[in-house]
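Taken straight from TrEMBL:
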type     : residues                                                               : note
BINDING  : D30, K35, T84, T120, E154, K265, R331                                  : NAD(+) binding site
BINDING  : F151, L152, R153, E154, K206, F251, L252, N253, A254, G255, G259, K324 : substrate binding site
ACT_SITE : C262                                                                   : active site, nucleophile
DOMAIN   : 317-418                                                                : domain 'UDP-glucose/GDP-mannose dehydrogenase C-terminal'
Amino acid sequence: MRISVIGTGYLGAVHAAGMAELGFEVVGVDLDATKVDSLNRAKMPFYEPDFEPLLEKHVGSRLRFTTDMAEIADADVHFICVGTPQRKNSLAADLTHVDSAVDAMIPFLKDGSLVVGKSTVPVGTAERLAERIEVATPESVSVELAWNPEFLREGFAVEDTLHPDRLVLGVNGDNAESVLREVYARAIADQTPVVVTDLPTAELVKVAANSFLATKISFINAMAEICDVTGADVTALADAIGHDERIGRKFLNAGVGFGGGCLPKDLRAFSARAAELGAGQSVAFLHEMDAINLRRREHVVNLVREHLGALHGRRVAVLGAAFKPNSDDVRDSPALSIAGQLHLAGAQVSVYDPKAMANAAAIFPTLRYAESASAAITGAEAVLHLTEWPEFRELDPVTAGELVATRLVIDGRNLLDRDAYRAAGWTYVGLGRP
Ligand code: UDX
C-alpha cells in the first residue's frame with residue numbers, strides 16, 4: 001500500500017514519518033519548498049522530540065517529500081493534514097487549505113483510492129468534500145472519503161502517532177474501515193479501542209475532545225480565581241478533586257491557561273459552527289471558557305503591576321515563550337502574550353526559552369531575547385515562570401537570588417519549589433495559591 005500525506009506541518013510531517021515507520025512507502029506534499037527541502041534532508045523544520053531520528057531512518061528509502069501534487073498519483077491512501085487556522089476577524093475555522101488541497105488532489109486520484117481527512121474541521125465538511133470529489137472525478141474513478149481525527153499532542157507527537165490511545169474512523173463506504181484497519185494494524189495493540197462511526201460524528205469527536213480539555217483547564221482556573229479571594233490553595237483543591245476517578249487529576253493544573261495551535265481555535269471554531277447550525281446556545285459556555293482563559297494572561301500582568309507599581313522601565317524576566325514545554329510552538333502562547341502585554345505597557349522584558357526563541361522573535365521582534373535563563377533574570381525586578389520547561393525548575397533559588405535586582409517570582413505554572421524560594425528570601429507568588 002502506498003500512502004500520500006498532504007500538508008507537512010506538525011501533524012502531517014510526523015504522520016508521514018510515522019506511516020513510513022509502519023512500513024509503507026510514503027510521499028508528503030507541501031506548498032512550502034523550504035519545508036520540503038528541510039524534510040528531504042532529514043532535518044525537522046520545527047522542534048519535536050524523537051521526530052528527527054525517524055526522518056533520518058526513512059528519508060531516502062521509503063519516505064520522500066515534494067511540492068508536486070502529481071507525485072501522489074500512485075498512492076492508494078491519501079491523508080489530508082493541512083491546517084485549519086482561525087479566520088481573520090472571525091471565530092470560525094479557515095478552510096481554504098483543506099478546500100484547495102482537495103481540489104489539487106482530484107486530478108491525481110486513481111480508481112479505488114481512499115481520501116482520509118485528519119485535519120480538524122467544522123462538522124459537515126467531510127460530507128461536503130465527499131460530494132465535491134464525487135462530482136469532480138470521472139465516472140470510471142470511484143474514490144471513498146473517510147475522517148480519522150488526530151489527537152496527537154505536541155511534544156509527544158511521535159509516540160501518539162505510533163501508539164495512539166484510540167482510533168476514530170468516520171466512514172461512509174464499504175472499503176474505508178478495512179483499509180484503515182490495515183494501515184494502523186501495526187500501530188495499535190489488541191486492546192486499543194477503535195470507534196467506527198459516521199463522518200459527522202468523527203468530525204465532532206475531535207472538537208468535543210478539545211472543548212472538554214479546554215473546559216477542564218478553564219474550570220480549574222476559575223477555581224484559582226475563587227482561591228485568590230478566599231485564601232484557599234488551588235493545587236491542593238485539584239489534588240483532592242482529582243482523586244475522584246470520575247474527575248481525574250490530569251488537565252487540572254491551574255496557571256496561565258491554555259494556548260497552542262489547537263485548543264483555543266478549536267473551541268472558537270466549534271462555537272462558530274454551532275451558531276451556524278442554529279445550536280449556538282448548546283455550546284455558549286465555551287465563550288466563557290475562552291474568556292476565563294484569556295483573563296489568566298491579564299491576571300499575571302496585573303500581578304506584576306501590583307508588585308512593581310507602574311510598569312514603565314521596570315525590568316521583567318520571562319522564562320518561557322513556547323505554549324508548552326518540549327515544543328518550539330508559540331502559536332497563541334500565554335507566555336509570549338504576557339511578555340508582549342508587559343512590553344507594550346513599557347516594561348523592559350527579557351525572554352528566554354530553550355527552543356522557541358526564533359519563532360518568538362519572528363512574531364515579536366521588539367522583545368529582548370536573552371541567551372540563557374540566568375542571563376534573562378540578571379538585574380530583573382520580577383521573574384515570571386510561564387512555560388514549565390524542566391530547566392526552569394532546576395534553577396537554584398539561592399544562586400538565582402544573587403542575579404536578580406529584586407527577589408520576586410511569579411510562578412505561572414505553580415510548579416516551582418515554593419518553600420525553597422521562600423527560604424532563599426524570595427517573594428513567591430503562585431496563581432490561586434496563598
Ligand atoms: C491538544 C490536545 O491535547 C490533543 O489531543 C489535540 O490533538 C491537539 O490539542 P496540544 O495543543 O499539543 O494538544 O497541547 P496540550 O498538551 O493538550 O496542552 C494544551 C494547553 O493546555 C497548553 O497550553 C498547556 O500548557 C495547557 N494546560 C494543559 C494547562 O494549562 N493545564 C493543564 O492542566 C493541562
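Glycine is treated like the rest: Cβ placed from N, Cα and C.
Structure with TrEMBL features highlighted.
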| residue | record | Cβ contacts under 8 Å, 6 or more apart |
| --- | --- | --- |
| K35 | NAD(+) binding site | T8, A13, P45, F65 |
| T84 | NAD(+) binding site | A93, D94, L95, H97, V98, S119, T120, V121, K265, A269 |
| F151 | substrate binding site | D160, P164, D165, R166, K206, A209 |
| R153 | substrate binding site | D160 |
| L252 | substrate binding site | K216, I217, F219, I220, A238, I241, G242 |
| A254 | substrate binding site | I220, N221, M223, A224, V234, T235, A238, N414, L431, G432 |
| G259 | substrate binding site | F323, K324, R331, D332, S333, P334, A335, S337 |
Using C-alpha atoms only, work out the spacing between D30 (NAD(+) binding site) and the residue listed as 'active site, nucleophile' and round it to an integer in Å. 20
Taken over the domain 'UDP-glucose/GDP-mannose dehydrogenase C-terminal' (317-418), the predicted model's pLDDT averages 98
Per DSSP, how many helix, strand and coil residues does the domain 'UDP-glucose/GDP-mannose dehydrogenase C-terminal' (317-418) have? 35 helix, 18 strand, 49 coil
Do you know which of the binding-site residues D30, T120, E154, K206, A254, K265 end up with C-beta under 6 Å from ligand 1? E154
C262 (active site, nucleophile) and E154 (NAD(+) binding site), distance between Cα atoms, whole Å: 10
Across the listed NAD(+)-binding residues, D30, K35, T84, T120, E154, K265, R331, what is the farthest Cα to Cα distance, given in whole Å? 24
Within 10 Å of the Cβ of E154 (NAD(+) binding site), how many other Cβ atoms can be counted across all chains shown? 25
Surrounding CB atoms that lie within 10 Å of the CB of K206 (substrate binding site), all protein chains: 24
